[in-house]
Amino acid sequence: MGKRDNRVAYMNPIAMARSRGPIQSSGPTIQDYLNRPRPTWEELKEQLEKKKKGSKALAEFEEKMNENWKKELEKHREKLLSGSESSSKKRQRKKKEKKKSGRYSSSSSSSSDSSSSSSDSEDEDKRQGKRKKKKKSRSHKSSESSMSETESDNKDSLKKKKKSKDATEKDKDIKGLSKKRKMYPEDKPLSSESESESEYTEEVRAKKKKSSEEREKTTEKTKKKKKHKKHSKKKRKKAASSSPDSP
């Protein structure tokens, strides 16, 4: 059985393209692009000058708009000036009319003004009285609340001071009794406080005794262990010395 032939024939692409012939171009070539019509330098200058000047129609339109705007501004100014003049004239007329009416109605208005002023003063007095009462009640309430707070604080401070004094007095009594007992050990206790102190001292002594007994026990155990180790060492030495002599 021979090997299968997997070889493929080599095709030269350049030779294939030549055999096909010239390609039909569907669009313009590079030569067409290079040979395109171009404007001269003079024509280009003319185009630039036209762009700088701009269109005449646009300039005319802007001029007309500016003229119309100026006319509208002038009309608006005239209206404002006429309105201000008319308002000033109306004010002057009103002032003159008020002066004339004030001269004729001065006698009648004086009585009405006096009555209205008296009623106004009475109303103001009533309002002031109510305000003063409200202020007094508020100040009284605030003073009462502050007094109650201070009293509660004082009570708390007194209680704390009493407790601290009692504790210090108890400590002093216990110290004095202990000193007396040291000075006079044959005397008997005089009160319940002395009895409690004696019980406390007895407990302390019992604890000390227990601790001393435990220490003695531990010391005895350590001594026994040391003796046992020494005895075992002596036995080993004897055995070692006797073993070479036996043969």
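Even glycines carry a Cβ here, placed using N, Cα and C.
TrEMBL labels come from automatic prediction, so no person has curated them.
Copied over from TrEMBL:
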| type | residues | note |
| --- | --- | --- |
| REGION | 18-38 | region 'Disordered' |
| REGION | 69-247 | region 'Disordered' |
| COMPBIAS | 69-80 | compositional bias 'Basic and acidic residues' |
| COMPBIAS | 89-102 | compositional bias 'Basic residues' |
| COMPBIAS | 103-119 | compositional bias 'Low complexity' |
| COMPBIAS | 128-140 | compositional bias 'Basic residues' |
| COMPBIAS | 165-176 | compositional bias 'Basic and acidic residues' |
| COMPBIAS | 211-221 | compositional bias 'Basic and acidic residues' |
| COMPBIAS | 222-239 | compositional bias 'Basic residues' |
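Applying DSSP to the compositional bias 'Basic and acidic residues' (211-221) sorts its residues as follows: 11 helix, 0 strand, 0 coil. Helix, strand and coil content of the region 'Disordered' (18-38), in residues and according to DSSP, is 8 helix, 0 strand, 13 coil. Per DSSP, the secondary structure of the compositional bias 'Basic and acidic residues' (165-176) breaks down as 12 helix, 0 strand, 0 coil.
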